[in-house]
Amino acid sequence: MRIALGIQYDGAAFCGWQSQPHGKTVQDALERSLAEFAQTSLHTTVAGRTDTGVHGLGQVVHFDTDLDRADFSWVRGTNAFLPPTVAVQWAKPMPDTFHARFAAFERTYYYALYVHPVRSPMLAGRAGWVHTPLDVDAMREAAAHLVGEHDFSAFRSSECQAKSPVKHLYQIGIRPDGDFIHFRFRANAFLHHMVRNLMGCLVAVGRGRYPSSWLAEVLESRDRDCAAPTFMPEGLYLAHVGYPAEFAVPPAQLGSVPWSSVWADLDGRT
């Protein structure tokens, strides 16, 4: 039997998703808790491996098991052994054709950026921060050069293991909201550090360091050295993983973050 789980976690509490020898990752915490509840080892496969500091709101995993448990039993039982920084949101039996990673056809990330002369300790680990105003119109113009199917080699990390750098970026939405600017990135898939590298470039344009057309030059170069430094992870959230309707994957619970209404309004906007 294949079981899918919807997971939320505070990325600031972990050294990324993927299991490590030190055991301080989201995958390690989840698999330890599943083992406690199921009294057997269960290996999880994830939709997207997030980095240290990156949060999960709509993360999806699957595992195979011979155990027959009620759906909510998996939720309640696993959560009983998880730390407060991780929670299973839902559980659902799936056909063998479902795969958390390979069945997904799109991913959506949001970035919450605090723009203020002084950093806020209340936002530590929850939002990125810049101390100077940003030109939103310039960032929107720059983002328009990136939408579409492109070779995103200039925005991938040296550790990226993806077979192809070609991805289809469907949307970059940018919306100011008081002292915040919110970004929405939606694509069929992302390269390692791709969103944070895109953020670094957009912020550089917003600060006036480069014209909006610079992003087209960076994209065309396919050279990571031509782009801006990788931006901080703290404000980045994996919010949604899209699957074919036949799997009826439950939607992510975005209401758990204070900016959910702003993010909802970003849908379809640029």
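Just so you know, glycine gets a Cβ as well, placed from its N, Cα and C.
Copied over from Swiss-Prot, here are the features:
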- ASP51: active site, nucleophile (ACT_SITE)
- TYR109: substrate binding site (BINDING)
Spatial neighbours, same chain, of ASP51 (active site, nucleophile) - Cβ under 8 Å, 6+ residues apart: GLY11, GLY16, TRP17, HIS192, HIS193, ARG196, PRO233
Distant-in-sequence Cβ neighbours of the residue listed as 'substrate binding site', under 8 Å, six or more positions away: ARG184, PHE185, ARG186, PHE190, VAL195, LEU236, TYR237, LEU238, ALA239
Helix, strand or coil at the residue listed as 'active site, nucleophile' [DSSP, three-state]: coil
